[in-house]
């Protein structure tokens, strides 16, 4: 009804707009009959058909308002309003049609108790003088809400081994709808649906959907819902399937820890069946039950302490009206009880161990890397820079105090190297030396020695901190009876040849040198 009212309001505004357009546009002084283009209503409800007349010419006189229905190319009068004769409603509408506000400009009527036969084209006509009749048409659609329901099959659904044929399990019906409904199914079942439409003589449509599937134990107690969508309405109704099937048998009670002298143990036969199992039968794979074992319906009791004789395969057969099925369990007997460690306990114990192991491994890896770096730096610092040539060992510059043993001079911060060395450079002190040098005065003194600064004669030699063995021997012959820092001694030479100079100023034996 709210939607019909909204459509009617839209029609009135549309008609008013047309009337104003006809009135204000130059040259358009035609009379306009305003109606809704289309209307709809449901069977049994009321519908209002709007009609009004826009008369831009005051000189035009309205004499009558008439409602007609088009039927098979002809017009059938329904209701008439005449200012002189009043309102007249013709059969079969005399009890169903009324003018709401009868006047020269408003011919709106109400049609009550809609029937399917009311659907069609309606005409609103205004008789005017002297311009003649003016009319407009509207289309009325009558809708029928369907009746919906779902029903399960009356046949008994039975699941049988090897069955492949689908059977009807439910039917969903949406009857006497106009227009027809949309029917669907909502379920987890793996079936299929088929649809059928039946057009009734009165113009309505009945939609029927049938759902089929292969009966199975899994389909038992599953929900099957029928969904009907019609216009703005949604219908949903469901049912629960009842499928009969043979027993599905399992045996409970054996926990894998049956040991000698254990007591109070039993086996229970569980049968999933529809209808429920009514009979249980216990046996063993060898035939009869062992001594001390007693069957009571679906329970098997073990009397007394457990012995090795109770080991074996136990079978339970369950029977219902559909059939008989069996299940079995193998019982093993151990000498001593077994207490398994809970899974969560093992996991909890493993977690700290894994964490500690990871941390320890990381620390060890860091220590190894740091140690490797330190060792590499030490080796690089003490790497041997000399050579094993016996011709170029370091002995000093050949100058020292007479009678004072030669000492290795300290290293200077700034270093220079001999120009005549073609091998790797050997470091030596820069500048002059602090050694005492002697000089003979020319022309007097008879060999008198003076102690003072270095003689110019020795400046060049003093700048050379090192000499080779050959150079040292030559210089010894040249200086005669001068006192040299180097005294040729085969034992000392042998000792010197076995010594190696290091960058930090120390000497080590070749026999002890290593990298």
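Placement of Cβ uses the backbone N, Cα and C atoms for every residue, glycine included.
Looking at 136, 433, Swiss-Prot tags one of them with phosphoserine, and that residue is 433. Of the given residue ranges 313-333, 334-354, 355-375, 376-396, Swiss-Prot assigns the label transmembrane segment to 355-375. Looking at 282-299, 498-515, the range tied to region 'Interaction with FGFR' in Swiss-Prot is 282-299. Candidates 71, 434 were compared with Swiss-Prot; the annotation phosphoserine appears at 434. Within its own chain, the region 'Interaction with FGFR' (282-299) is flanked in space by residues 266-271, 307, 309-310, 312-318, 328, which lie at least six positions past its ends and keep a Cβ under 8 Å from the stretch. When the domain 'Ig-like C2-type 2' (247-334) is classified with DSSP, helix, strand and coil residues number 3 helix, 53 strand, 32 coil. Comparing the Cα of residue 332 (N-linked glycosylation site) with the Cα of every entry in 72, 139, 202, 286, 297, these being the glycosylation sites, the smallest distance points to 286.
When the glycosylation sites 36, 72, 202, 286, 297 are ranked by how far their Cα is from the Cα of residue 139 (N-linked glycosylation site), 36 comes first. In the three-state DSSP scheme, residue 202 (N-linked glycosylation site) falls into the coil class. A coil conformation is recorded for residue 36 (N-linked glycosylation site) in the three-state DSSP classification, outside any helix or strand.
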